Amino acid sequence: LGLLYQEYRDKSTRQEIETRRLQDSQTDPEESSPSEETPSEAEPTSTTESKAPPQISLLRNSNSRFNLWQDLPEIRSSGVLSILQPDEIKLQEAMFELVTSEASYYKSLNLLVSHFMENERLKKILHQSEAHILFSNVLDVMAVSERFLLDLEQRVEENIVISDVCDIVYQHTVNHFSVYITYVSNQTYQERAYKQLLQDKPAFRELISQLELDPKCKGLSFSSFLILPFQRITRLKLLVQNILKKVEEKSDRETTALDAHKELETVVKACNEGVRKMSRTEQMISIQKKLEFKIKSVPIISHSRWLLKQGELQQMNGPKTSRTLRTKKLFREIYLFLFNDLLVICRQIPGDKYQVFDSAPRGLLRVEELEDQGQSLANVFILRLLENADDREASYMLKASSQSEMKRWMISLAPNRRTKFVSFTSRLVDCPQIQCVHPYVAQQPDELSLELADVLNILDKTDDGWIFGERLHDQERGWFPSSMGEEILNPKIRAQNLKECFRVHKSDDSQRRKLGSRNRQ
């Protein structure tokens, strides 16, 4: 608990990566990792029974640096480690991590408020409206975290062997965690306001730099504190998933873990949708202003529409041009805007404008990759509009700048088209997998942001270093550089990952049926 949450989280995910690396190199995935092993030599146990169980106070013992439940002096001296089964010890560790990580998170939130938000000099620099956008409802978030932590701590103090924590997670998620949706939905405005303040107010920029240098911050940036709530609510869902994987099947603890996970997933989805809604609305307005219609105008702005991909491609001139021709003059530039329900085909014109000359519903698009036709027709594919703006079928022969760009367009244009590797939701025995060892922030709408230790199924890959993947814990899909991850080579570990994933989502059969066709960006 001496660690700030940013440090705690980084240390935990790095340990998770190393554990998986070790498991991947072993022949038996059930072999224990170093972090999960029970002590080889238990400390001497007292023959005298205690009248009351030892108490472990996470808030009062704020200097504690214990990482594992089994390393606590109260646990080692109790003799309980020689009684519990290895699987139960792993479960205790998973529940204890949820509690200690919440304590670390609360400590970081407290620092955000006391060190930054309540700084008197900062209050004088910021207008009230600027402070509101920057810090949003962080006081509500901190109050919820404190109440949650106190309930968790009380449960830990009831007995040295933790009975359950997911029932507490469930109650707090249902009754209190809506504050996270409010905070995270403000993220787009928060980021913009912070950048604007750094640019427009030198006094703000200098003060923030000074505050960041304080030893309390341990070299962490102000922005790393601002994004804590979003990181925490996402991580909390993963911690519950980790507990769910370790509880006995068809038990009361499995039921409470499934309930808690389902409610957390609802909150996380609402947070994601809140962020997306803010940015998507502004993006659609910006695109609408750039389009000029040569054909019948199509209304672009809609609450249910968002951009999936945009970019330039080369179109082969002439509707019936032979594929055998080799000259580069055959191609001319066109620009595509692909939305979740609509494709708009344009040509760029002066003034950063785009003239629309064709369009089609996304559901009426088909793609076909050309066989190798030589260098000039490399990365060429056929796009068919079953019903275009003139209510007729149309075909376009399009050339991308690289193999990865061609595949990205083909998958975005026709998401139900079979990929090189089939998704785990098809229930195949095996599927290539990769774990993230470097975080990645998506640069395009069809890309997927990655966190350390994310595990993904590889659905497709290109020769120029890109992977189309599906993350196991939330089934989000997207492209990312292959250099961000390490492939999981042990088939037993891959099978175990899939089994655990199915177990986590088994409470929602309707969701499982949708997983194979989901293509959310």
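In case you wondered, yes, glycine gets a Cβ from its N, Cα and C as well.
Remember, it's a predicted structure, so these values are computed and weren't measured experimentally.
According to TrEMBL, the feature compositional bias 'Acidic residues' maps to 27-40.
Residues annotated as compositional bias 'Low complexity' in TrEMBL: 41-50.
The feature domain 'DH' is assigned by TrEMBL to 90-274.
Annotation source TrEMBL lists domain 'PH' at 306-418. Taken together, the residues in the domain 'PH' (306-418) have a mean pLDDT of 87 on the 0 to 100 scale.
Under the heading domain 'SH3', TrEMBL lists 429-490.
For 1-56, the entry in TrEMBL reads region 'Disordered'.
The DSSP breakdown of the domain 'PH' (306-418), given as helix, strand and coil counts, is 20 helix, 53 strand, 40 coil. Taken through DSSP, the domain 'SH3' (429-490) splits into 3 helix, 29 strand, 30 coil.
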